[in-house]
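Per TrEMBL, the feature repeat 'PPR' maps to 135-169, 344-378, 445-479. Per TrEMBL, the feature domain 'DYW' maps to 673-752.
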Amino acid sequence: MIRSPHKSPLLINNNIPHNIYSKYSNKPAAHNLFDKLPIRKIVPRNPLNAGCTQMGLLKNACSDGSEFGGFSYADALTACARTGDLMNGKILHGLVVVGGFACRPFLTNRLIDMYSNCRKIDEVRLIFDYADEVDDDSWNLLLSAYVHIGWPEVAANILVWMHRSGVKLNTNSFVSVLKACSGSSDSKESRMLLHRCIVKVGLDLYFLVGSAMFDIYAESDRLDEAIEILDRIPNRSLVVFNALIVGFSLLESNASAEIRVTTLKLFSEMLRRRMRPSRISFNSVLEACSSTHEFMFSKQIHAQVIKRNLDEDEFIRNALINVYASSSDMDEGFKCFNSTTNRDTVTWGSMIQGYVQNGQIERAMVFYREMLRVGLKPDQFAASSLLRCSGNFGVLRSGQQIQCYAVKVGLDQFTVCCNSQIILYAKSGVIDAATKTFQETATTDAVSWSAVILSHALHGWPYYALALFEEMKDRMVLPNDATFLAVLTACRHGGVVDEGFRYLKSMMTEYGLTPNPEHCVCIVDFLGRSGRLDEAEKFISSSGFNNDKTVWWALLRSCQFHCDTERSIRVGEKLLEIDPFTSTSYFMLYNSYLDIGDVSKAMRTRGRMRELGVNKEAAICWIEIGPTVHSFKVGDDSHPQNCAIFTRLEEMMLKLKKQGCADVNILELEYRSEKWKESLFSSHGEILAVAMGMIFLPESMPIRVMKNLRVCEDCHKTLKWLSESERREIILRDSIHFHHFSWGFCSCGEYW
């Protein structure tokens, strides 16, 4: 254009400085071109002014004394609003007033927009109130300003005021306020006021407004009214159905089961109308199947996916793998995985997380190694799942291999991986490493704090765990349900009843969190262990979890701990009413009847158990030695090193007897022969695992044993004596607590 003999039109010259040079921050070039213009008027000046303002060069925009009109100010104010430049915006505001342009509505609107983007609501209101003239845009900008700063109640009142003042309302006005109200827990009256106003104006039939109103009622668990609003939306097109299904899926993390089921009903209606669901709709409805456990419906959706040739879509395929993982059907999940060729990192990660979710750590590790072999790198979520799974099973060596890989590829910078690493070490019995990992985590969140608090609570450091919680609050980290569960667990294992109730009250009143059955188990347990069984039983009745078996189990354990046989029988019968298929309840009730000498009822309890086909859960213990995990059951003599293990057991028994520990029940049982006593002693899985650890682990290394059930009192005593006689540190993790045995003492303080 510069070399062309033709003179460039004024309009082209006007746009070049702004659209080419100013947008790319090339101010000198823009000014150079502007200086060559034969005619300089307000119009060509406007884009250059806006560009200068965007580059923070407002002084240059007014430096040469050229005419500066209202549109120039409007462009400059828009640039300030876009960048949040309050200082230059105030300067422009002053120039607008001095130049006599303040009476123009379009400049009033630009000023409102600028101050709104800078979050200066007082200035916004002053400009609006003292403006000579306001139009519909002014009202809507004022409305948006209050929505922007998070004041939905005021915005709702302004919207009603607009309607009464005859201002033209549009769908965008209502949608913005409705969305703001849906995110506020304190705007119930505003929502109802808005609803009446919307119905009166007749905008509730518009899809955008109707769906926003639906979100409000659905999130408030007012399902009937939400569905009524949904039914009022006429002419539901494919776009409407897809949007509603996706909207439902976004509510599902905290929505009721009825709302989640409605997602499936919408999808069914969509198919009946012969509409074609989008890939996002398929993904959303599969997520709904996972959360509602409608797994038969998920198979039907899978058939629809195949019918529409969408089974190669990685987005839908990963959702299918996830839904099969939720239904514990990893065979079908593997078929989905195996039937596709374009497997990406997310697909492999979904399979790994599926196996982890179903407790199949061996298969998860196989997929992890195969993923590395084909040249793909697991992301932070797959690595996090593997670390957590290794911690859940107490296989420290496997977890450390995953951790080394995470450090090597830089995944340790993600908080989710650091949190899982804390859990790995904590659940594997290495509390010092868990604490160190927490201290070295760059960015900690509520999950990090919850993990480290729970770690110390389970390892016998309840007061340190409570001190960590106070530090968490001092650092302004907002606790969640898991955090308070960790805190109550610390109170439970520390036996601090009054502190526990104080934290429970704080959870409900200060943080607005609702206790779940796990929180109530902690309350019942520390009440029961402290001997306050009446209070514990009354608490269960008033907690709203009267039909939750875990809460009653906690009370039953406390009753047996305090030898309250009458209450034990009553609670045991209650447990059988709630869940007649759990063996633990039968055995506890059976023992209670034997304690009072009622053999006939004890036998009747065993007979009832046999009639229903209820089998006792097998106690399994395992120990990790090198790359291998060795497991033991009660009376297990199938281990390849069986002879060496039993030889070491015999040595330990003789040593204990010589040291005067022969009065322990497990070694001295009345009415039994010496040979029977020794075989009974050797049949306990944790004792077998400890014996193997003493053979194959270095003396400097702690012996870490995991058990799926609660350790019995006799084994607990024996392990204390073994730690003293063998001078070895023994760490046992059972289903409730960690026990660190050292020099004849246990970290649980006999409170587990």
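Even glycines carry a Cβ here, placed using N, Cα and C.
Heads up, TrEMBL stuff is auto-annotated, nobody curated it.
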The domain 'DYW' (673-752), counted residue by residue under DSSP: helix, strand, coil: 35 helix, 16 strand, 29 coil
Within the predicted model, mean pLDDT of the domain 'DYW' (673-752): 84
Residue counts (helix, strand, coil, in that order) that DSSP gives for the repeat 'PPR' (445-479): 26 helix, 0 strand, 9 coil
